[in-house]
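Copied from TrEMBL, the annotated features are:
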BINDING   55, 80, 85  substrate binding site
ACT_SITE  156  active site
ACT_SITE  261  active site
Ligand code: TA6
């Protein structure tokens, strides 16, 4: 069968030979292999014992992304990227297990007691021959009229690449604005140019019309990252300049990945009682 449960993770195996492993800690994809090759970068210095968020794979950011906002108070006291990546999720069910794909669903536990919102957060991971699809589902479970639930969410995907200095990231439409976190959060308008990693890159693009980003690894392969529901995307690679400051980043780890991170992060998404948000990321190996 294509789904194996262990004490700490769920492992998917597709008949094509592709596989994926998702830790219950953070519902965190820590491995995705296609043709025997690892497609997720995970730092060899990452903590895998649940003591801190895993450096690599696909961390889920929720209910905030980046440093918390200054208000309201219950959001202001959250840690960077929220708490979902540090929670122990529950493996709920196998959604399908056949030729078309192997798919499983996880449910997040209740929020910390001082974050008083009634929502349901679930995550569906689907593996097929050359594709990994990861969907975040958020439902506002309040019943009282007008009790909205606001959040940000993002999939902080570390795509493994052989040499980040050879990468070319493209297909971000001309005219899309981004916040350049390296340039003191300056807002810049994209000219549709390719992104190369020749210095630290940390950009939050707002509402990318194509909803599709291409990564050419410079060695004949790469990825297509499509997203639906999510509108924004961050592109991040710290290079040596900033990567050396990250305690759990392996030496030269920044040369082995680029983060392409679909999300809903430039604004807060608001859900009315009973409303659902679905954010989908579909990564295809090229
Ligand atoms: O998505 C990029 C980013 O927000 C960067 O600014 C950088 O700090 C990175 O995430 C890593 O965050 P982390 O909390 O996992 O160290």
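Cβ coordinates are placed from backbone N, Cα and C, and glycine is handled just like the others.
Whatever TrEMBL says is automated annotation, not expert-curated.
Computed from a predicted structure; not experimentally measured.
Here the features listed in TrEMBL are painted onto the structure.
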{"residue": "55", "record": "substrate binding site", "DSSP class": "coil"}
{"residue": "80", "record": "substrate binding site", "DSSP class": "coil"}
{"residue": "85", "record": "substrate binding site", "DSSP class": "helix"}
{"residue": "156", "record": "active site", "DSSP class": "coil"}
{"residue": "261", "record": "active site", "DSSP class": "strand"}
So which one is it: of the binding-site residues 55, 80, which has the fewest other Cβ atoms within 10 Å?
80
How big is the Cα-to-Cα gap, in Å, between residue 80 (substrate binding site) and residue 156 (active site)?
12
Binding-site residues close to ligand 1 - of 55, 80, 85, only those whose C-beta is under 6 Å away:
80
Same-chain residues at least 6 apart in sequence whose Cβ lies under 8 Å from residue 261 (active site):
154, 155, 156, 157, 233, 234, 235, 236
List of residues, in chain order, with Cβ under 8 A from that of residue 85 (substrate binding site) and at least 6 apart:
26, 28, 53, 54, 59, 60, 61, 62, 156
Which value in Å gives the longest Cα to Cα span across the substrate site residues 55, 80, 85 as recorded?
14
